[in-house]
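Undergrad: Found this in Swiss-Prot, in case it helps:
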type	residues	note
TRANSMEM	68-88	transmembrane segment
TRANSMEM	110-130	transmembrane segment
TRANSMEM	147-167	transmembrane segment
TRANSMEM	203-223	transmembrane segment
TRANSMEM	243-263	transmembrane segment
TRANSMEM	287-307	transmembrane segment
TRANSMEM	322-342	transmembrane segment
TRANSMEM	373-393	transmembrane segment
TRANSMEM	404-424	transmembrane segment
TRANSMEM	456-476	transmembrane segment
TRANSMEM	503-523	transmembrane segment
TRANSMEM	531-551	transmembrane segment
Amino acid sequence: MIKFASFLKFRVQINGGRYWSSSPLRSVSNYVKFVFMDNAFKKYSIDTTDYQVGQDNVQKWGFDIHNPVFGISAGLVVFCLISLLLVEPVTARDALNGIKNGIIEQFDAFFMWSTNFFLLFAVGLLFSPLGKIRLGGKEATPDHSTVSWLSMLFAAGMGIGLLFWSVAEPTAYFTDWWGTPLNAEAYSADAKSLAMGATMFHWGVHGWSIYALVALALAFFAFNKGLPLSLRAAFYPIFGDRAWGWLGHVIDILAVLSTLFGLATSLGLGAQQATSGINHVFGLNGGIGTQMVVIAFVTFIAVLSVVRGIDGGVKLLSNVNMIVAFALLIFITFITFDTAMGSLVDTTMAYIQNIIPLSNPHGREDETWMHGWTVFYWAWWVSWSPFVGMFIARVSKGRTVREFLFAVIVIPTLVTLVWMSVFGGIALDQVVNKVGELGANGLTDISLTLFHVYDVLPYSSVISILSIVLILVFFITSSDSGSLVIDSITAGGKIDAPVPQRIFWACIEGSIAAVMLWVGGKEALQALQSGVVATGLPFTFVLLLMCVSLVKGLRTELSAYR
């Protein structure tokens, strides 16, 4: 026994003197605790995990799929579609609208304060020492030029909404279409200022901070820690190897469904809007047939884009998109210079003056407006964050955290400020001065509001055709980038999924939009949209937890930058 005790002392001292004890049993106990705690620490450390990207994948029929995520996602897509199509579209829309509205009404303060927190958290990271950390490692270099990088993140993050809502949203606020911000009197000077300020509030730094934090977490854990480019990887510092199990499966499946149905909804509703524009400009009377042609065209070009990959497809289209968008913006500014410049100054001041009152959910007299617009917007931004965040992450290797946050939050907000000021300012000017359709009847058909504004401008036909082209390109860039994101998630976080897999998801997006439009019309798409917005609630909890995980991860690399 004495020799055995001496042996224990010797072994325990070798593994660390602080575990030595004169009691043999205590020595054994301490040593066992040491071994198991040390192994547990290694198991849950992002620097020592032995998980390999794609280790759970199955290769078959030219696909490289993560078995549970791909199969369950595909099955749930079919189940959701059949369920929506078997039920009367209006009934499905009303039921899902009820769920969405219940979530918005019960969790309004939670959505508002969470979004405020995301903005403050992002600003804190930007100015903290953690901002020096580079995505991909200290010596990493960017994969894309700054211009192409900004073009891709902006095209994926904004899309068609920038065109339609830049005129429709301020007009709606000014004319009391669904309440007015801060209960301002409709058609008053205060209502005009608040209309522009509130529009920018919904499209500015708050929303982009949501995208930025998701993108930053995904990029850091993928490029700095070698983890899969999937949502689950961002939670490894908290959940350890459980992130690779069913907890992670559920997170990724929710991300796939939210992305897929969100894109399909936008594509379907956008096809209706594009068809309305084509009919208005060319004097046609196209209906569901034209909408199917638009969806088929967008899907076909998106397939070509995803086949060519980031550099040959998505980046090229995004650059073309930005060129066309800036050409349109410059031309509109030139022909309405005085109105545009005056609106830019007024909108900037209105945004700065009202950002705090609009961010506060308590004691509001405009609760109906806040629920119908602000809380809906925050839920929508959050529900889209897995898609947009993952795409931004994929193209952001080589940027520092500080550079990344500034570019993703500030630059798009400044571009949006100029865009909204010009287009929204022109629309409100027409309403105030009783010019054109907006001046005579106000907001009647949202899908045609942009073209109603153009009708009273010089070269209206040229501007309208250019806008239709821009609408289609925005559709394509959203579809192809979304397909690449879904490919990555369902491939177990692999960045380059096989070509057949990319084609599969791009076609599925278009097919869902076409089927929903053909069978259920606008009501079916609105039901799908309400379902997507409802996912904003669980994803908000996920994002709050992601902030904790991100800080834990970033702190492991801070010592290399001191």
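Please read every residue number as a count from 1 along the shown chain.
Placed from the backbone N, Cα and C atoms, the Cβ positions cover glycine too.
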Undergrad: Which residues of the same chain, at least 6 past either end of the transmembrane segment (287-307), have a Cβ under 8 Å from a Cβ in it?
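TA: Sequence-remote neighbours of the transmembrane segment (287-307) are 267-268, 271-272, 274-275, 278-279, 313-314, 316-317, 472, 475-476, 479-480, 483-484, 487, 499, 502-503, 506-507, 509-510, 513-514, 517-518.
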Undergrad: Hey, does the transmembrane segment (404-424) touch the transmembrane segment (147-167), meaning at least 3 C-beta pairs closer than 8 angstroms, sequence gap 6 or more?
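TA: As far as Cβ distances go (cut-off 8 Å, pairs 6 or more apart), the transmembrane segment (147-167) and the transmembrane segment (404-424) touch.
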Undergrad: Among the recorded stretches 68-88, 203-223, 243-263, 322-342, 503-523, which has the greatest number of Cβ pairs closer than 8 Å to the transmembrane segment (110-130)?
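TA: Of the candidates 68-88, 203-223, 243-263, 322-342, 503-523, 203-223 scores highest.
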Undergrad: When only pairs 6 or more apart in sequence are counted, do the transmembrane segment (404-424) and the transmembrane segment (503-523) reach 3 or more Cβ pairs under 8 Å?
TA: no
Undergrad: So which of 203-223, 503-523, 531-551 has the most C-beta pairs under 8 Å when paired with the transmembrane segment (243-263)?
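TA: Comparing 203-223, 503-523, 531-551: 531-551 has the most Cβ pairs near the transmembrane segment (243-263).
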Undergrad: Report, as numbers and ranges, which residues of the same chain sit near the transmembrane segment (503-523): CB under 8 Å and 6 or more residues beyond its ends.
TA: 63, 77, 81, 84-85, 89-90, 92-93, 260-261, 263-265, 267-269, 271-272, 288, 291-292, 295-296, 298-299, 302-303, 306-307, 479-480, 482-483, 486-487, 490
Undergrad: Taking residues 6+ outside the transmembrane segment (322-342), which of them lie with a CB under 8 Å of any CB in it?
TA: 150-151, 154-155, 162, 418-419, 421-423, 425-426, 429, 457-459, 463, 466-467, 469-470, 473
